[in-house]
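In what follows, a single structure is set out as structure tokens and then discussed.
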């Protein structure tokens, strides 16, 4: 018995040195990542489209509120729906991904999302009434829900520990880039073209994604779970390079999949190995949305109009998009060096200060006074202090987005794909997306009514309280996964925190 016990316990050791038996430093150095990077790029084009569609209302709502046709004109009742109904579609997409991820696989699920996305953009581009706009938003949201649940899992399963943190941030980077491109097009296309062309532009990344993914392999883990061993070996060979020791990694993945090949039963839900990572991932997605990021991104130009910062709202939105992109890039580079938890702490701290600053500023600087300041001439010396006051909401928003993009943006997606057990990953990732987007829908739906009833400072002070809660949750519940393989992370939830300290 004793040798058997020792053998079992040693298999669950998770100190990074034990990973030498799996993917030692020499093997990591021998890997050829060019094809892996290509596969990741093809997949994250879905996130580019998702980011583009998410903030689509930001420049379009002001245009539609002033539209000459009553059939397309948005009012105080339809504008919140146009901004929020996307998240309902995303929740439905997350729900369907529970089945799609396990039936079609990660890659085919991503490819499937191209259909509702293309139809949704087509509806918005040719809209003759508000119902077509809303339906288009639901369909693009559905596609976003599918991709947001499938792409992180696909990336984590085709990546190796040496680059998984960096590549795990790529979905967020591409989503940010998609939003930034939307802001830029929203400014310059409106000068010469109708707002409908923004929807036409959204079709381009969808088309490129579907073409590239046709040539990419499926996840080796998913293929092994389907009993397709030869195809899984070929997929890993393509991703790692023929002249590497990929067969060794293949056997280790095969062993991991074999241990988790059975379906999850109701009795197993009580096992901490299953419910703890699912609960952590779900609460992180809940807190991520409660921090207010979706509301701020969707209604960015409307917020800047109410605070009347010195620049035009579309320029402010573009600046925020640039800061967001820069911050996510920093997170991608530092995630495998600094670790996940330290970035989550920094991220939540910056969001707390930014939201608190914004709420206090709005409370003590009424909108009417802001408008007066914004309209003053800057060349007069008397207006110089006023000029700096008008920069406060812009800087606070930029720092909020920077903080979010450093940690709670990309790392929640990465941790979801890292900590969820393979046997429940398809269902659990879909469940996390549902929690995320139902929360986002509730916030975006009630954001404008709350602002109109109680003032803009109320939601920002609420977001500040949530950011403080994010700090506590990170310290108490979130494990550090830097440098750990997926097998080691699974072992952590079986054996507890002590296994990380051995």
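Every residue, even glycine, has its Cβ placed from backbone N, Cα and C.
Pulled from TrEMBL, these are the features on record:
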| type | residues | note |
| --- | --- | --- |
| DOMAIN | 39-482 | domain 'Major facilitator superfamily (MFS) profile' |
| TRANSMEM | 36-58 | transmembrane segment |
| TRANSMEM | 78-96 | transmembrane segment |
| TRANSMEM | 108-124 | transmembrane segment |
| TRANSMEM | 167-185 | transmembrane segment |
| TRANSMEM | 197-216 | transmembrane segment |
| TRANSMEM | 278-300 | transmembrane segment |
| TRANSMEM | 342-364 | transmembrane segment |
| TRANSMEM | 384-406 | transmembrane segment |
| TRANSMEM | 427-448 | transmembrane segment |
| TRANSMEM | 460-478 | transmembrane segment |
Verify whether three or more Cβ pairs under 8 angstroms connect the transmembrane segment (460-478) with the transmembrane segment (278-300), leaving out any pair fewer than 6 apart in sequence.
yes
Stretch contact, the transmembrane segment (108-124) with the transmembrane segment (197-216), Cβ-Cβ under 8 Å, 3+ pairs
yes
Report, as numbers and ranges, which residues of the same chain sit near the transmembrane segment (36-58): CB under 8 Å and 6 or more residues beyond its ends.
82-83, 86, 107, 110, 113-114, 117, 120-121, 124, 137, 140-141, 143-144, 147-148, 150-151, 154-155, 158-159, 163, 167, 170-179, 181-183, 186, 198-199, 201-202, 205-206, 208-209, 212-213, 215-217, 239-240, 294, 297-302, 317
Lying 6 or more residues past either end of the transmembrane segment (460-478) yet within Cβ distance under 8 Å of it, the residues of that chain are 280, 283-284, 287, 290-292, 340-341, 344-345, 347-349, 351-352, 355-356, 358-359, 362, 408, 415
Test the contact criterion for the transmembrane segment (427-448) and the transmembrane segment (197-216): 3 or more CB pairs under 8 Å, pairs 6 or more apart in sequence, then answer yes or no.
no
Same-chain residue ranges lying at least 6 outside the transmembrane segment (342-364) that approach it to Cβ under 8 Å:
291-292, 307, 331, 334-335, 392-393, 396-397, 399-400, 402-409, 411, 455-458, 460-461, 463-464, 467-468, 470-471, 474-475, 478
Given a Cβ distance threshold of under 8 angstroms, which distant residues of the chain, six or more beyond its ends, lie next to the transmembrane segment (167-185)?
36-37, 40-41, 44-45, 47-56, 58-59, 148, 151-152, 155-156, 159, 197-198, 201, 205, 297, 314, 317-318, 321-322, 324-325, 328-329, 331-332, 335, 405, 409-411, 413-414, 417-418
Lying 6 or more residues past either end of the transmembrane segment (78-96) yet within Cβ distance under 8 Å of it, the residues of that chain are 53-54, 56-57, 60-61, 64-65, 113, 116, 130, 133-134, 137-149, 294, 298-299, 429-434, 436-438, 440-441, 444-449
